[in-house]
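The following features are taken from Swiss-Prot:
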{"type": "TOPO_DOM", "residues": "1-7", "note": "topological domain 'Mitochondrial intermembrane'"}
{"type": "MOD_RES", "residues": "Lys23", "note": "N6-malonyllysine"}
{"type": "TOPO_DOM", "residues": "38-74", "note": "topological domain 'Mitochondrial matrix'"}
{"type": "MOD_RES", "residues": "Lys52", "note": "N6-methyllysine"}
{"type": "MOD_RES", "residues": "Lys52", "note": "N6,N6,N6-trimethyllysine"}
{"type": "MOD_RES", "residues": "Lys92", "note": "N6-malonyllysine"}
{"type": "MOD_RES", "residues": "Lys96", "note": "N6-malonyllysine"}
{"type": "TOPO_DOM", "residues": "100-109", "note": "topological domain 'Mitochondrial intermembrane'"}
{"type": "TOPO_DOM", "residues": "131-178", "note": "topological domain 'Mitochondrial matrix'"}
{"type": "MOD_RES", "residues": "Lys147", "note": "N6-malonyllysine"}
{"type": "MOD_RES", "residues": "Lys147", "note": "N6-methyllysine"}
{"type": "TOPO_DOM", "residues": "200-210", "note": "topological domain 'Mitochondrial intermembrane'"}
{"type": "TOPO_DOM", "residues": "232-273", "note": "topological domain 'Mitochondrial matrix'"}
{"type": "MOTIF", "residues": "235-240", "note": "motif 'Nucleotide carrier signature motif'"}
{"type": "TOPO_DOM", "residues": "292-298", "note": "topological domain 'Mitochondrial intermembrane'"}
Amino acid sequence: MTDAAVSFAKDFLAGGVAAAISKTAVAPIERVKLLLQVQHASKQITADKQYKGIIDCVVRIPKEQGVLSFWRGNLANVIRYFPTQALNFAFKDKYKQIFLGGVDKRTQFWRYFAGNLASGGAAGATSLCFVYPLDFARTRLAADVGKAGAEREFRGLGDCLVKIYKSDGIRGLYQGFNVSVQGIIIYRAAYFGIYDTAKGMLPDPKNTHIFISWMIAQSVTAVAGLTSYPFDTVRRRMMMQSGRKGTDIMYTGTLDCWRKIARDEGAKAFFKGAWSNVLRGMGGAFVLVLYDEIKKFT
């Protein structure tokens, strides 16, 4: 293997392992966030049974569905997240070579900053093309509030993918893809762009204390998550459309979804579950720091 191929493989492995560990740890927070986001678009959750907030959700889930249901959809998330994060990190470095080749970060700060934004956004959008059906399945499995057996909408990852494909074809598995690309570019641009720029401004980036790296990463993930959160809410709502027919269809398209959420639920509805997303972002920050630490040993 060439040095470039070895470097790419190391990036892929380091990013994937770091992501799998952190996502499993924050899976319960992830499910709470998803339920708060999509409950208005769920056929299983009637108006009188909707969750009032994070605490209500955390208390009711184990009572109604069992403690293990906090990890519902986690297998799909880990399977999805391994290639997603690994591809993000691997492509990020490749795109950095394209956008930042020959750029001096000390004398060309804004060009350096813009290059980091572009490489981060392009990496996120590229990887999304490959793993979107898994992200879709993870959302639908996490939104499934049935206790067991016949009450469940899907029996598992494979059952979810097969049922939606039979019902809506490949288009059903990519429902909400367009708004996802918009959101992912905004999120990844901040996630990678600001983080790399901040790290690059430190006197000795490779020997920065892990706590400083974590603080930078934590701030970046919180800002990036809140900035792109409305896009995430809309894409999750659109994902809930797949498999529906006739009058069960709530939104005719992405723009209609934006309009109806704003009109019927108010602007704050775009940010439902956002606080749990900030907590979940601690896992994202941990991924960035862990990735840098793993790379030191590869």
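Just so it is clear, glycine is given a Cβ too, placed from its N, Cα and C backbone atoms.
Bear in mind that the values here come from a model prediction, so they are computed numbers and not experimental data.
A map of Swiss-Prot features onto the structure.
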{"residue": "Lys23", "record": "N6-malonyllysine", "Cβ within 10 Å": "23"}
{"residue": "Lys52", "record": "N6-methyllysine", "Cβ within 10 Å": "9"}
{"residue": "Lys92", "record": "N6-malonyllysine", "Cβ within 10 Å": "25"}
{"residue": "Lys96", "record": "N6-malonyllysine", "Cβ within 10 Å": "20"}
{"residue": "Lys147", "record": "N6-malonyllysine", "Cβ within 10 Å": "11"}
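Lys96 (N6-malonyllysine) sits 43 Å from Lys52 (N6-methyllysine), counting Cα to Cα.
In space, Lys147 is the closest of the modified residues Lys23, Lys92, Lys147 to Lys52 (N6-methyllysine), judged by Cα positions.
Assigned with DSSP, the residues of the topological domain 'Mitochondrial intermembrane' (100-109) fall into helix, strand and coil as follows: 2 helix, 0 strand, 8 coil.
Sequence-distant contacts of the topological domain 'Mitochondrial intermembrane' (100-109) (same chain, six or more residues past either end, CB-CB distance under 8 Å): 115-116, 119, 197, 200-201. Summarised as a single figure, the pLDDT of the topological domain 'Mitochondrial matrix' (38-74) averages 90. For the topological domain 'Mitochondrial intermembrane' (1-7), the residues of the chain that approach it from at least six positions outside its boundaries are 93, judged by C-beta separation under 8 angstroms.
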